[in-house]
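Undergrad: My questions all concern the structure below.
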Amino acid sequence: MLKNDLFLRALKRQSTPRTPIWVMRQAGRYLPEYRAVREKTDFLTLCKTPELACEVTIQPVDLMGVDAAIIFSDILVVNEAMGMDVQIIESKGIKLTPEIRSQADIDKLIDPDVEEKLGYVFDAIRLTKKELNDRVPLIGFSGAAWTLFTYAVEGGGSKNYANAKKMMYREPQMAHQLLQKITTCISNYLIKQVEAGADAIQIFDSWASALSEDDYREFALPYIKQNVAAVKAAYPEVPVIVFAKDMNTILSDVADTGADAVGLGWNIDIAKARKELNDRVCLQGNMDPTVLYGTPEKIKSEAAKILKQFGQHTDCSGHVFNLGHGILPDVDPANLKCLVEFVKEESAKYH
């Protein structure tokens, strides 16, 4: 029995005495304790060593007092499981080989046994659940198919996604085939994370805003919908968050994926989002991560503004406080602690 289930209750739009808070990338470089672990190993080895992944997953729970933990991993483990070589090169970025550009390339990708290929993630989840000892829920996650597709086709990050879009526009059937192959792997991966002990799931579509609204509806949303449906078919009680970065103009479509919660970027007023979606999903967000460079007073005033904009809770509303994207690596940890403590205290008046 979880000692603190506020996060899960908020996702299900059940009443809570205050607004729960966690932040994306909360296990990361801004923490000296994380850097101490990271100095001893490279990033992917850290992801693949359950004891280390568990240690850094729990750090922000111990040090910052957040209301949920998120398993330490990377979205590109799915691409690697499908047969791509993934390298994360310090100061140079991400390189995936081979780039997936042809039918033959797609055919060579495997439909992996996720238990075999991604067992280290499930081991890390099991170990973390044990070590958390029911203090807070644990979030499992995956990248969305569109975002993983862009990495596969581009062979890394991209400024304009030219190769990914070339495939979309010239060979749409091929693009859909690759997206479907990735989606099947994601669904299996998410279900196994829940089986290992994840209490909730987040799907990150980091490069969502590279697409127009219509293209997002065609090449991204149907696959997210499949992932949500797969998790819900196996585990109807497990809440799913969809974070489609900066797709503020089609929030209603994102909510229609069947997700319990929609993650918001910082460039939308949360009051507008709540009004548009009319409390049919929980909202997660949405402070600009750079606010954490500010003074404690500024951090508190910005957090207070978001809580006030969301407004008074009803018996069917839900809000999880978060940033609009990941915490930046050079933020002072004391500033995040200030935010967490303030949100816990200030939010009670709206419940």
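Glycine is treated like the rest: Cβ placed from N, Cα and C.
OK, Swiss-Prot features for this one:
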| type | residues | note |
| --- | --- | --- |
| BINDING | ARG25, GLN26, ALA27, GLY28, ARG29, ASP74, TYR151, SER206, HIS325 | substrate binding site |
| SITE | ASP74 | site 'Transition state stabilizer' |
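Provide an account of the burial state, proximal residues and distances for the features listed.
TA: According to DSSP, ARG25 (substrate binding site) sits in a coil region rather than a helix or strand. Within the same chain, residues at least six positions away from ARG25 (substrate binding site) with a Cβ under 8 Å of its Cβ are GLY326, ILE327.
Annotation for ASP74 (site 'Transition state stabilizer'): same-chain Cβ neighbours under 8 Å, separated by at least 6 residues, are PHE43, LEU44, CYS47, ILE88.
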Undergrad: Near TYR151 (substrate binding site), which residues of its own chain have a C-beta under 8 A away, given they sit six or more steps off in sequence?
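TA: LEU76, ASN79, ILE94, LEU96, GLY143, GLY157 - these are the non-local Cβ neighbours of TYR151 (substrate binding site), listed in sequence order.
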Undergrad: Which three-state DSSP class does TYR151 (substrate binding site) fall into?
TA: helix
